[in-house]
Every structure is written in C-alpha cells, then in structure tokens.
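Contents: one structure, followed by commentary.
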C-alpha cells in the first residue's frame, strides 16, 4: 500500500510579500528550501494561521538569505504581509519506507530565520 505522508514543513513563516500580478506560485528563500529539502517547482500545501485559508501552489527559489516568503498570483489574495503560514510537502511512501521516514521541519522566528530543525517522527508536537 502507498500512503501520502508529510515530508517537509516550514513552520510559522511570515509572509514578507504578496504579488498579485505575478504568474503564480510561492517564492521562498533558497536557504530555507535547502534546510527542508524542498525543490523549485515542487508542489506545496500552505495553511494561513491568520485566516484559516488552505491552498496549494508550486515553489520558486528566492534570494538566498533574504527570508523571503512571497505569495504570487491568485494565491496572494489569500494572505496579507505578516500573516503566519505553514508550508508543507508530502511524499508517497510504501509501508517499508514509512518505517524510516523522518520529515524535516524548520521552525521559524518572526524574521523567517530557522530557530530549530526537527526530524519529526510520529507523535511529535511543535507549538
């Protein structure tokens, strides 16, 4: 059986920009992407902690060290600058792969700096 499991999470990032007139996507600082192993063009699920919106888009690599989290195109209607978001990817794994799977979680501060890295196993709680 194949199951869809969380693979990476950027936890409590702050939206730094919103660009309605761009084609689409979310732009994320390349350092953050590297830390959680998210690739450009990879599909992401996004949760806006401020208004409860949930949506999907794809990733564009942003300037390294910028802290940039920019929602582009139609998705920009679902956020405001300074909103807190959670950005996640998922992987499809078989039962054997699940046993060793440990998602990478980057916990962010208000400046979009990584303050903690967690290699999450089941029943891990991040506040």
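Each Cβ is built from the backbone N, Cα and C atoms, and glycine gets one as well.
In Swiss-Prot this protein carries:
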- 25: active site, schiff-base intermediate with substrate (ACT_SITE)
- 58: active site, proton donor (ACT_SITE)
- 57, 73, 74, 75: substrate binding site (BINDING)
- 25: pyruvic acid (Ser) (MOD_RES)
Applying a 10 Å Cβ distance cut-off over all chains shown, what neighbour count does residue 73 (substrate binding site) have?
16
Would you list, in sequence order, the residues of this chain other than 57, 73, 74, 75 that have their CB within 8 A of the centroid of the site's CB atoms, where the site is the one recorded for substrate?
24, 25, 26, 55, 71, 72, 76, 77, 78
Taking the Cβ of residue 58 (active site, proton donor) as centre, how many other Cβ atoms lie within 10 Å?
13
Using all protein chains in view, find how many other C-beta atoms are within 10 Å of the C-beta of the residue listed as 'active site, schiff-base intermediate with substrate'.
19
Spatially closest candidate among 25, 73, 74, 75, the listed recorded positions, to residue 58 (active site, proton donor) (Cα to Cα):
25
If you measure every Cα to Cα pair among 57, 73, 74, 75, the residues listed for substrate, what is the largest value in Å?
10
Only counting partners 6 or more residues apart, tell me which same-chain residues put their Cβ under 8 Å from the Cβ of residue 57 (substrate binding site).
24, 25, 26, 43, 44, 46, 71, 72, 73, 75
